[in-house]
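Report on the following structure.
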Amino acid sequence: MAAPKVAVVGAGVIGLSTALCITETCPSCSVTVLSDQFSPNTTSDVAAGMLIPHTYPGTPINVQKQWFKETFTYLFAISNSAEASEAGIHLVSGWQVFKTTPKEELPFWSDVVLGFRPMSEAELQKFPQHRFGQAFTTLKCDCPPYLLWLEKRLKATGVQMCNRKVADLWELHSEYNVVVNCAGIGAHQLVGDEKLFPIRGQVLKVQAPWVKNFIRDGGGLTYIYPGIHRVTLGGTREKESWSLSPDPGTTKDIFDRCCSLEPSLRGAQDIEVKVGLRPSRRCVRLQREVLSQGGVKLLVVHNYGHGAGGFSVHRGTAKEAAQLVEECLAALQGSSSRAKL
């Protein structure tokens, strides 16, 4: 059998990392990434890239923890290498603060991040409106450099990057043996997934180099995430909103909320507003599917629907998707050897 051909649809963090895991798991196959948008124009480019998991109600916690752990371990190794600055990955310490003590004082991911502990009374004095807090160190990806780093890794292994809008997975059946759907919010139209919906996120990227610690309100709506060059201030979670236009009222609201957590931000310069649509569903869709039309079959692997938590689990879900691709290729090889008999 000639080198099997795999197409990955989508070039955000999920698509690129899935393509990379496929090249590692199935080195004999030829991989092409197809997308009508590459960095800096993907939803992933807007993301803050903080490794703090969001919970998927439809996915078992042990599975979510495994995805997070694999992602954390992978990025931690990069942060500890000479490639850290090019890949935009660094450790950042800070606080998650709550107005009332949460039911779960120890989240499922507390032993994956570094040095997780309850905040001291002295630390809490910084946040007079909050009664409880958690301090820990985690990783942050500065998203545009990380996506470019992934693209460079892919090109070095011979993966093709192709600017192409895929309107229907079927249009790929004559060119590829397996198609991997990492289309994010695009899967709503591409595969007609009614369970997928956008959660609109508006964020501000500002110059405030004196802010070194992350601060996150326990509700997850207000956050301050320092990156290598800029600080991300957020945010919003507007369910079912498809608008990509920045809202000036929202910008003011985000800025005021963040300044109430960190008053020094009043001196922030050069405010840039970004909007992205998080591809949300009750659980990440990570599965194999066989499409068939008139006796012709197309093997598909889906890996989308990561919502606000994509960066926190991207490597873990990419590894699992690559294993599903390996299963598809084994099934194809089995059927082609049977056909020869």
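We count from 1, first residue shown onward.
Backbone N, Cα and C atoms are what each Cβ position is placed from, and that goes for glycine too.
Summarising the annotation, TrEMBL assigns signal peptide to 1-19. Taken from TrEMBL, the feature domain 'FAD dependent oxidoreductase' applies to 5-324. For Thr43, Ser44, Val166, the entry in TrEMBL reads FAD binding site. Taken from TrEMBL, the feature D-dopa binding site applies to Tyr223, Arg278.
If you look at the signal peptide (1-19), the same-chain residues 6 or more away from its ends with a CB under 8 A from one of its CBs are 26, 28-35, 37-39, 42-44, 47, 141, 143, 146-147, 150-151, 154, 159, 161, 166, 169, 172, 175-184, 186, 190, 303-304, 306, 310-311, 314-315, 317-318, 321-322, 325, 329, 332-333, 336.
Within 10 Å of its Cβ, the residue among the binding-site residues Thr43, Ser44 with the fewest other Cβ atoms is Thr43.
Val166 (FAD binding site) has a Cβ environment of 20 other Cβ atoms inside 10 Å.
Here the Cα atom of Thr43 (FAD binding site) is found 19 Å from that of Tyr223 (D-dopa binding site). Along the domain 'FAD dependent oxidoreductase' (5-324), the predicted structure has mean pLDDT 96. Note: Arg278 (D-dopa binding site) has non-local neighbours Thr43, Ile185, Pro198, Ile199, Arg200, Gly201, His306, Gly307, Ala308, Gly310, i.e. same-chain residues 6+ apart with C-beta under 8 A of its own C-beta. Cα to Cα, Ser44 (FAD binding site) and Tyr223 (D-dopa binding site) are separated by 17 Å.
Among the record's FAD binders, Thr43, Ser44, Val166, no two C-alpha atoms are more than 19 Å apart, and one pair sits at exactly that spread. A straight line from the CA of Tyr223 (D-dopa binding site) to the CA of Val166 (FAD binding site) spans 35 Å. Around Tyr223 (D-dopa binding site), taking its Cβ as the centre, 24 other Cβ atoms fall within 10 Å, counting all chains.
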